[in-house]
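TrEMBL annotations:
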DOMAIN    1-240  domain 'Major facilitator superfamily (MFS) profile'
SIGNAL    1-21  signal peptide
TRANSMEM  58-76  transmembrane segment
TRANSMEM  96-116  transmembrane segment
TRANSMEM  125-142  transmembrane segment
TRANSMEM  148-169  transmembrane segment
TRANSMEM  189-209  transmembrane segment
TRANSMEM  215-235  transmembrane segment
Amino acid sequence: MFFMTAGVATLLFILVVFVFQEKPPYPPSRAQAMIHLAAPEEYSYLQSIVRLFRNVNFVLLIVSYGLNTGCFYALSTMLNRMVVLNYPGEELNAGRIGLTIIVSGMLGALITGIWLDRTKMYKQTTLMVYIMSFVGMVIYTFTLDLGYIWVVFVTAGVLGFFMTGYLPLGFEFAAELTYPESEGTSSGLLNVSAQIFGIIFTISQGQIIDDFGTRAGNLFLCAFLFVGTIITAFIKPDLRRQRANLENEQTRLQASNSQIMNYGIVP
């Protein structure tokens with residue numbers, strides 16, 4: 001198994017070095033084209049971080065993203081332990097439940113990404129998926145100890161669908177809120193927040209499970225998902241990237257109309 005993992009990692013490394021391009025030949029949007037026109041020597045990573053932390057909406061997103069993803073990390077880490085405590089001897093099914101979370105999460109990330117691309121409803125979509133993550137966590141909490149392992153498969157799959165589906169939404173929402181700052185910087189800060197909350201929640205939930213049981217540990221996560229939902233509701237949808245694209249498009253149309261009018265008056 002380890003040799004197979006090492007082989008895949010080596011293949012990916014080779015592809016990154018020899019096949020992947022640093023950037024596409026043409027910018028994917030007008031907003032990205034404007035960023036690429038900026039002089040590289042004018043960019044300062046530290047100043048970018050300072051500007052990002054002055055952006056209240058992005059700071060709220062950092063906290064809410066960290067809470068959601070941290071809960072997901074804790075749940076994934078403690079999954080085997082929780083399943084075995086409630087269903088002794090079901091170690092194999094515990095692994096299958098983890099696989100169910102991964103597969104449903106892949107589907108959720110795909111669907112939410114397509115929906116966001118078509119609707120551009122960043123705030124509404126993010127808030128709705130967050131609410132469903134909280135609801136799914138509550139349902140999972142109160143059905144885990146019912147004695148029916150198939151129920152755990154269903155509830156864990158639903159939970160994985162929404163919690164993993166939230167990940168690309170967070171990155172895209174951050175890119176909108178922080179334009180024209182580097183998307184790599186905003187994404188990095190989101191990941192740092194997720195890792196910090198993940199460590200805290202995993203350690204805390206493990207201790208709570210030891211002292212009070214699995215339901216108390218899951219209620220601990222439910223409480224923070226509820227807090228994250230409230231925080232998400234206060235994020236203002238300041239879609240700077242969309243606004244920049246719209247302004248550039250309007251400028252282009254005005255220039256085209258001006259050229260047409262000039263051609264019309266030439267004898």
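Here the Cβ of each residue, glycine as well, is placed from N, Cα and C on the backbone.
Automatic prediction, not curation, is the source of TrEMBL annotations.
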Same-chain residue ranges lying at least 6 outside the transmembrane segment (96-116) that approach it to Cβ under 8 Å: 76, 79-80, 83, 122, 125, 129, 152-153, 156-169, 172
Leading stretch by Cβ pairs under 8 Å, where the reference is the transmembrane segment (189-209) and the options are 58-76, 148-169, 215-235: 58-76
Close approaches to the transmembrane segment (125-142) from elsewhere in its chain (Cβ under 8 angstroms; 6 or more beyond its ends): 64, 68, 71, 75, 112, 115-116, 119, 152, 155-156, 158-159, 161-163, 165-166, 169-170, 173, 215, 218-219, 221-222, 225-226, 228-229, 232-233, 235
For the domain 'Major facilitator superfamily (MFS) profile' (1-240), the mean pLDDT of the predicted model: 88
